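Novice: Per Swiss-Prot, signal peptide is recorded for 1-20, and the stated evidence type is sequence analysis. Residues or ranges marked as repeat 'PbH1 1' by Swiss-Prot: 256-278. Annotation source Swiss-Prot lists repeat 'PbH1 2' at 312-334. Swiss-Prot lists 421-443 with the feature repeat 'PbH1 3'. Among the features that Swiss-Prot reports, repeat 'PbH1 4' is placed at 444-466. Feature annotation from Swiss-Prot assigns repeat 'PbH1 5' to 477-507. Among the features that Swiss-Prot reports, repeat 'PbH1 6' is placed at 517-547.
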Amino acid sequence: MKKYLHILPACFLFYAAAHAQQKDTVYVTDFGAVPYSYENCVTQIQAAIDECKRTGAKVLSLPEGRYDIWPEGATRKEYYISNTSTEQECPSKVKTVGLMLHEIDDLTIEGNGATLMYHGKMTTIALEHCNGVRINNLHIDFERPAGSEIQYRKVTGGETEVTLHRDTRYEIVNGKIRLYGEGWRSNKNHCIEYDPDTESFTYSQGWNTLSASDAREIAPGIVRFNTPAEFMPKAGNTLTVRDIIRDQVGFFILESKNITLSRLQMHYMHGLGIVSQYTENITMDRVKCAPRPDSGRLLAASADMMHFSGCKGKVIIDSCYFAGAQDDPVNVHGTNLRALEKIDAQTLKLRFMHGQSYGFNAYFKGDTVAFIRAATMERFASATVRDVRRISDRIVEVRFDRDIPTSLELNHDCVENMTCTPEVEIRNSYFTRTSTRGTLVTTPRKVVIENNTYYKTGMSAILIEADAEGWYESGPVKDVLIKGNTFIDCAYNGGPGHAVIAIHPSNKIIDAERPVHQNIRIEDNTFRTFDYPVLYAKSTAGLLFRNNTIVRTETFPAASGNPYVFYLNGCKKAVIEGTVFKGETPRQSIKTENMKRKDLKTTIK
């Protein structure tokens, strides 16, 4: 008996030691990562991550400082990522991942304000099949961002002088300017011009003109071009130029669960931004997507900043800040695949249709799907997935638990994954300096967009689509609340109807008795706008626009030529009431098409 009594304390101590080890904090500096060394730390930080996985440590800590990460030694892995590149644009889907978290649970990465400074073209961090990962207080930037910035310095007929940002690398070869970076050259460029006087981001042909003109360097960072006499850009404006090929993404979260990014600052993202793909429960808390204040840069993302594709559970975006995107700051959607062939009574061959979205897992066993009529965007039947078989990067075979609807039209109708659709909350956030929309959201589950500011988004501040013939992204929405937001001078670049809020499904058959969207409420918002309409709504039932204030500004010239404040097309049971106009009172307030008078109730005369 005494022998066993001696063994018990030893067992307890072993258990306690093992349990304590699981709770230990792992420090990247213990693995050789040295802040401010300006040396490649990628293998050292990855070793610390791997140690957390091996031991079950709960915290990975980066002491404050700068840590440099190069492609050499980084993980290379093939990922098919939604909305990125076609087979022709980027034949290889292998990504260079700076830091890889694979099958890691319940880990907090504490950044302590540290900066990860990346080099070359890289996907900064990837989370694959993780659960309960939280990343706190970390800055991510690139030594040479893939976006270049060129400011017009002097402009005269026939000559244009520019200043290139200190982070923009260039060379002049045979009298023509070229942009390059660390291990890359910019070939197929897209250009957006920023006007500091109007704070607008507009599409520009300026780079096309400069790159075709003879150039000579007159001082480091200053280049003079012999440009056509009619080329007269505005001195002080800045061109933001980036390659259109989305060969990497800013940050990738794949098929994971319960992920939180908190006080993360993404100062530049190449390709596409933070992409969350088929992930459940994501919280973006005080995430800032914008250049470092001391960088002098305008651009923070080559395209979208937060992109959610096929996610489920809840997507929460709270107290975030977005400035400097060449596409949409927030985009939430699914992916519809087209029905190509009926293999048997319960099996369909489906195809990814859009060029830039294919190859990923779009359906999982047990998922509920809806069959979508492409012409009307109607969900006309449902089923449960029994099996999925990948045929190629573009083609999958899906077997269902019941017979395929006889009314399904092959090579036209689509299949939507209803399980992989999230609830969405976007609150207390700020959107600015983008040439496109502020928020795109399409999900059948509850959406709340509340207490945000949309400041001079180039197109509609909020766009709700639904399509099975363009991007093939999701079907109808059922429950959307847009409340307490402030919209300031949005849609100067256009969009559906040039509207501040646009509800624009892709259905070709417009019938108020067969609406696409339903139950969209727009309440207690303030619209400061230079143009109309404030709202464009197509094929929506149960549309409510109530107790909103509209203030007319003169920030930009009116561009739409539309005198109507509201433009409703094929809507049913629409209510517009309690609208307060300040400044100019419009002479014509509401335009309707493809709907009956009884389908609109309004207090506006």
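Just so it is clear, glycine is given a Cβ too, placed from its N, Cα and C backbone atoms.
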Novice: Have the repeat 'PbH1 4' (444-466) and the repeat 'PbH1 5' (477-507) got at least three CB pairs under 8 Å, pairs 6 or more apart in sequence?
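Specialist: Answer yes, regions in contact.
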Novice: Name the range, of those listed as 312-334, 477-507, 517-547, that has the largest tally of Cβ pairs under 8 Å with the repeat 'PbH1 3' (421-443).
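Specialist: Against the repeat 'PbH1 3' (421-443), the leading stretch is 312-334.
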Novice: Determine how many residues of the repeat 'PbH1 1' (256-278) DSSP places in helix, in strand and in coil.
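Specialist: Once the DSSP states are binned, the repeat 'PbH1 1' (256-278) shows 0 helix, 15 strand, 8 coil.
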Novice: I'd like the per-state residue tally for the repeat 'PbH1 5' (477-507) from DSSP, helix first, then strand, then coil.
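Specialist: Tallied per class, the repeat 'PbH1 5' (477-507) gives 3 helix, 10 strand, 18 coil.
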Novice: Average the pLDDT scores across the repeat 'PbH1 2' (312-334) and report the rounded value.
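Specialist: That region's mean pLDDT is 98.
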Novice: What does the DSSP secondary structure composition of the repeat 'PbH1 4' (444-466) look like, as residue counts for helix, strand and coil?
Specialist: 0 helix, 12 strand, 11 coil
Novice: Could you put numbers on the helix, strand and coil content of the repeat 'PbH1 3' (421-443), residue by residue per DSSP?
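Specialist: Output for the repeat 'PbH1 3' (421-443) reads 0 helix, 14 strand, 9 coil.
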